[in-house]
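Everything on this sheet refers to the single structure shown next.
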Amino acid sequence: MEVTNVTEYQAIAKEKLPKMVYDYYASGAEDQWTLEENRNAFSRILFRPRILIDVSKIDMTTTILGFKISMPIMLAPTAMQKMAHPEGEYATARAASAAGTIMTLSSWATSSVEEVASTGPGIRFFQLYVYKDRNVVAQLVRRAERAGFKAIALTVDTPRLGRREADIKNRFTLPPFLTLKNFEGLDLGKMDEANDSGLASYVAGQIDRTLSWKDVKWLQTITSMPILVKGVITAEDTRLAIQAGAAGIIVSNHGARQLDYVPATIMALEEVVKAAQGRVPVFLDGGVRRGTDVFKALALGASGIFIGRPVVFSLAAEGEAGVRKVLQMLRDEFELTMALSGCTSLKEITRNHIVTEWDAPRSRPAPRL
């Protein structure tokens with residue numbers, strides 16, 4: 001079967017992967033309402049395309065934190081990619097680099113920051129979970145910086161792990177032949193089996209629940225890398241993040257894996273963008289499966305988007321070639337959406353190109369009687 005869109009990779013991954021691994025990647029928290037809503041919310045935003053505009057040349061390039069990339073589509077941090085494919089994060093790093101875009105490496109990667117750097121040039125960000133042992137955190141941040149990573153994406157929505165019932169049923173744990181490579185030498189790379197989810201037990205034991213805004217400031221004292229705060233969905237926290245010195249904000253609900261019944265990220269995006277007032281860039285993470293989704297996010301004020309699950313599903317299906325294809329398909333669809341909306345560059349994509357359910361009805365002239 002020829003794969004013609006990003007979503008089709010999920011069914012292939014489901015056939016190929018062990019149930020425990022597929023369920024870990026695919027599932028959300030509790031009732032999985034937010035998981036479905038992350039996708040469904042996009043379908044309630046409609047286009048207002050403009051016509052008779054010369055769209056023979058379309059420029060999708062953009063600059064993120066000073067780095068020029070080929071398109072506003074970047075790779076979100078997804079943990080333990082070698083469960084999907086033996087090459088794991090290596091394959092993903094090469095695919096992102098070939099596409100001219102940014103890869104974010106998870107703290108819980110099955111390849112270390114040094115190993116990913118060894119795959120060749122590329123712009124890479126490092127996603128950080130803050131461990132109770134701050135020396136471990138400082139060491140890891142320094143290693144990422146030395147390995148040429150350009151920014152920290154600090155995950156702030158995980159003081160505890162969300163209740164992911166599929167992982168509890170499957171007694172999820174990292175397969176024995178894999179480790180969390182960034183923590184290997186620190187006796188923190190192994191995840192023990194537990195009587196529910198091994199990952200939930202690992203998080204309860206290692207991740208610092210006291211994490212607060214002062215730690216965002218502390219991070220700035222140990223690194224010169226800009227810090228993106230990942231997991232913001234309200235105006236209040238947007239303002240606090242900017243006060244704390246964040247260089248950017250990633251609107252994320254952790255792929256609907258933390259607190260269920262939070263809004264879809266595309267629904268929370270505009271509130272965050274308005275609160276940011278242009279002081280820092282705002283990015284969207286969650287639910288993007290089409291080029292049309294990318295356009296909608298940019299129309300609502302995002303500077304770019306991050307994709308997560310499409311990466312691991314395509315990786316499971318076809319390795320590096322799969323990830324390359326996902327990035328190419330999204331790129332092609334986004335370019336087509338721009339053309340059919342009458343936009344030749346990202347700055348031309350405006351709020352007027354879409355209509356949402358919360359927009360005031362557009363005034364119509366009163367009919368003549």
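Note that Cβ sites are derived from N, Cα and C of the backbone, with glycine treated the same way.
Fair warning: this is a prediction, and the values are worked out from it, not measured in the lab.
Pulled from TrEMBL:
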- 1-359: domain 'FMN hydroxy acid dehydrogenase' (DOMAIN)
- Y24, Y129, R164, H254, R257: glyoxylate binding site (BINDING)
- 77-79, S106, Q127, T155, K230, S252, 285-289, 308-309: FMN binding site (BINDING)
- H254: active site, proton acceptor (ACT_SITE)
Handout entry: Integer Cα-Cα distance in angstrom, K230 (FMN binding site) to Y129 (glyoxylate binding site)
Key = 11
Fill in the blank from the handout: Here the binding-site residues are K230, H254, R257, R289; the one whose Cβ sees the most other Cβ atoms within 10 Å is K230
Completion exercise
Longest inter-residue Cα distance for the glyoxylate binders Y24, Y129, R164, H254, R257, rounded to the nearest angstrom, is 18
Problem - When distances run from the Cα of Q127 (FMN binding site) to each of the binding-site residues Y24, R164, H254, R257, the nearest one - result: H254
